[in-house]
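Take a look at the structure set out below.
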Amino acid sequence: MNIISESLRSHPNSCALIPFITAGYPDINTTIQALYELDSQGADIIELGIPYSDALADGSVIQHSSLIALQGGTYIDQVLHILEVVSTKLNTPIIILPYYNPILKRGIEKFIKQISLMGAKGLIVPDLPLEETDELIVICNDNQIELVLFVAPTSSMKRINSISKKSPGCIYLVSSTGVTGVRDDIDIKVMELSNYIKKVSNKFIMLGFGISTPEHIKKIMKWNIDGVVVGSAFVKKLSALKIDDRISSISSLCKSLKKATIL
């Protein structure tokens, strides 16, 4: 069973809320407490980013969080530890978000087996070439990990067809060109792309990049989108000096965004 797609399927009259946080930012204890809080406040899926020094798809907020996490010693092994601590205590499935090079360095099969053993349910690799997905899909399927593939707003119809055909489950639709980060508005072209994906496939769609407010979500819910990813807005909330302030801030944000996802 594709747990991530099933989580999206379970919201026929609403839109799944998918917070993203960077593992180890600003420290591992905060990450663990944040995961518990997001779970308790209604997050439907959680993306947990593995810090990386060359995160080309990420904007300044998430790049900064990765730098701090790396300086604090958070690498793959520490992320596996976080998963081991929290996964059996959460109702919310976790998607791991690394870049491709660290996976290759560790070994694709070893990496997938490790994240599966520690409780992850999904994998998103922002810089994974479509031409190199076949091996990863097989290994993920063998280990009950759902690989989520990207569709960019610049993707041709032919490429969207190929991605939709290859995708084992849901698709991550990027809302705009460029990097992650808070934006004032979401391009209506997203609606055209989501409608096209639904026309040529039965895949569920999560939308990310630039989504940060309840108003964004209410607009997006009319566009054939099954889930919304909110990253930079959550990561910013974790920059407070006191851990209690960090957790209360992401709790409030999660509540307000969750409320917006319900029709």
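For all residues, glycine too, the Cβ spot is worked out from N, Cα and C.
Database features, via Swiss-Prot:
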type: ACT_SITE; residues: Glu47; note: active site, proton acceptor
type: ACT_SITE; residues: Asp58; note: active site, proton acceptor
Helix, strand or coil at Glu47 (active site, proton acceptor) [DSSP, three-state]: strand
Cβ contacts of Glu47 (active site, proton acceptor) (under 8 Å, same chain, 6 or more positions away): Ile18, Pro19, Phe20, Ile21, Ile94, Ile95, Ile96, Leu97, Ile124, Val229, Gly231
Other CB atoms within 10 A, centred on Asp58 (active site, proton acceptor): 26
